[in-house]
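Structure record follows, encoded as structure tokens.
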Amino acid sequence: MDRAATSLPQQSLVDPDKYKSIGKGFSLTLKEDGARGLAKGWAPTFIGYSMQGLCKFGFYEMFKIFYSDMLGEENTYLWRTSLYLAASASAEFFADIALAPMEACKVRIQTCPGYANNLRQCAPKMFAEEGVWAFYKGVVPLWMRQIPYTMMKFACFERTVELLYKHVVPKPRAECTKGEQLIVTFTAGYIAGVFCAIVSHPADSVVSVLNKESGSTAVQVLKKLGPKGVWKGLVARIIMIGTLTALQWFIYDSVKVYFRLPRPPPPEMPESLKKKLGLTE
């Protein structure tokens, strides 16, 4: 999904004196580059995050089943938050390997004026100058950014859905229409997205600068940015990531509805565990 709007927070890291706020960033970008400036880097963004999304959601379902089988029914319920965290972290590890090359191209296009105008120009140029390493030098900080982000995204979403049906929605999920269920999905997705943005923003700042400056390390960039620098552009990122995450979950759930794929309800305590805890009559 297109995330070209990330050029604004990333540009604020490259030239914080010039891009002091979201409004000024939009106006300057429109003035200097026109509407096309807001869509700079759309191709690597679309390709990279499409590949990452496929791997992330697909592997998450796989790892969730894998870890659940290891734990057993009762422990799966008791340790469900830990299960969500472990499954999402495992999925993101592999998803970022797919994302890294396109992320490197996107950041180079957006933050290095004159370097390249599109993916077709950028990728061959980066390979000729730095080899394959140019596309993967940011994978470790990418893991630092994306794994906490994804852990928050999935665990917060799963638990928020559970809480919404328990305390907010006035009827059981089984009695809700598909449309009502999708509204719950979108709401939970947006809430999860806000927390995702906050958790991952410092590492995102490091990745943005690292992909721009050849020869720098994550530690060097972190020292250069300082405690305040890593939080620049957070408001823009919260708006963007909240909306993006909500749409991702909404689309994912809509696809499941359309193709009539399994959509398990929020977890309930197994009967065997209820008996052990003396919760049955």
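Each residue, glycine too, has its Cβ placed from N, Cα and C.
Just so you know, TrEMBL annotations never went through curation; they're auto-generated.
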Listed range which TrEMBL flags as transmembrane segment, given the options 82-100, 234-252: 234-252
Tally of residues which DSSP labels helix, strand or coil - the repeat 'Solcar' (79-163): 73 helix, 0 strand, 12 coil
